[in-house]
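Annotated transmembrane segment per TrEMBL: 12-31, 43-62, 121-141, 147-166, 198-219, 248-266, 273-290, 310-331, in sequence order. Per TrEMBL, domain 'EXPERA' is recorded for 40-165, 196-330.
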Amino acid sequence: MRPAQAPKSPSPLWVALMSALILGLLFVAVYSLSHGEISYDPLYAVFAIFAFTSVVDLIIALQEDGYVMGFMEFCTKEGEPYLRTAHGVFICYWDGTVHYLLYLAMAGAICRRKRYRNVGLYWLGSFVMSILVFLTGNILGKYSSEIRPAFFLTIPYLLVPCWAGMRVFNQPRAPTCCTTNMVQEEQRKALLQRPADLALVIYLVLAGFFTLFRGLVVLDCPTDACFVYIYQYEPYLRDPVAYPKVQMLMYMFYVLPFCGLAAYALTFPGCSWLPDLALVFAGAIGQAQFSHMGASMHLRTPFTYRVPEDTWGCFFVCNLLYALGPHLLAYRCLRWPSFFQQPPPPGPPAHHKKQQ
């Protein structure tokens, strides 16, 4: 008798076609059941479909960590094997929790015909940072030879945020309760008279130096400080999967200029663009730090690239502060926005009537 042959795994092309078919059927179902909400705001369909994919990502993360078995194994093996990396697991956790809650919040706001601009900006920053680092790492890292047809399903993930971002930015801002006198009084204060802003400026300067330093580390800077840091504090930056290197370069090219712009806006009044930019970068840095810190400690990361036990404290303190600062900046901008509003135009000169 011939030995029984193991069932063949579905081919990568079959996985890609099935995924596209499922997303297409899901769009038809959402459009049929929620035509009124989609007519009011087409992004409702995007958030509904992405909420479904977030649940799938959460199942993938739980499966890769051994909490559930066999649900999406065919997808990770034949469709997107790079989701089995430590970085892939943690972006799935973030997408299945934080992004899922954001999708529910924005879809609920559309159903109630309410604004969701602030939530949308936070999601936009988080989503764009996640997809840019993940796709670039897939192409440049050691998994570049394992790109399957399902990888091209991520092309809509690049196009949709561009369209969604334009719609979110074009939404009207929520009205503030700041009067003209409040704006003028707040904008007359120097930086030393605003201790909270002074602390944020100091944080931004330190974060800028830290960003530049880690960017130089992944660019193989030959100084002793960079050598000690990459081997004793964050050896994950040497991991050939390329996600940490891409992440640090994203920080250096985008977060570093943001730190300078935000410090300027906290010093000089009337920079009305900072609240929106702070929300976008809070989402981006929050997602990036969650994935970076988690992957640095995860068992799927080779032992030689994990954070050494004797430097856990320094690693966590530095990276947690790096993630917390942009959120405090965004909270400050939203809670007390008068300093960032455009100063009111000067009133017309008074005309004195001639005495007869």
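In case you wondered, yes, glycine gets a Cβ from its N, Cα and C as well.
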Short question: which residues 6 or more past the ends of the transmembrane segment (121-141) have a Cβ under 8 Å from it? 82, 87-88, 91, 94-95, 98-99, 102-103, 106, 147, 151, 154, 157-158, 161, 164-165, 168-169, 240-243, 246-247, 250, 276, 279-288, 291, 330
On the 0 to 100 scale, where does the mean pLDDT of the domain 'EXPERA' (40-165) fall? 85
Using DSSP, what is the helix/strand/coil residue split across the domain 'EXPERA' (40-165)? 104 helix, 0 strand, 22 coil
Run through the domain 'EXPERA' (196-330) and tell me, per DSSP, how many residues are helix, strand and coil. 110 helix, 0 strand, 25 coil
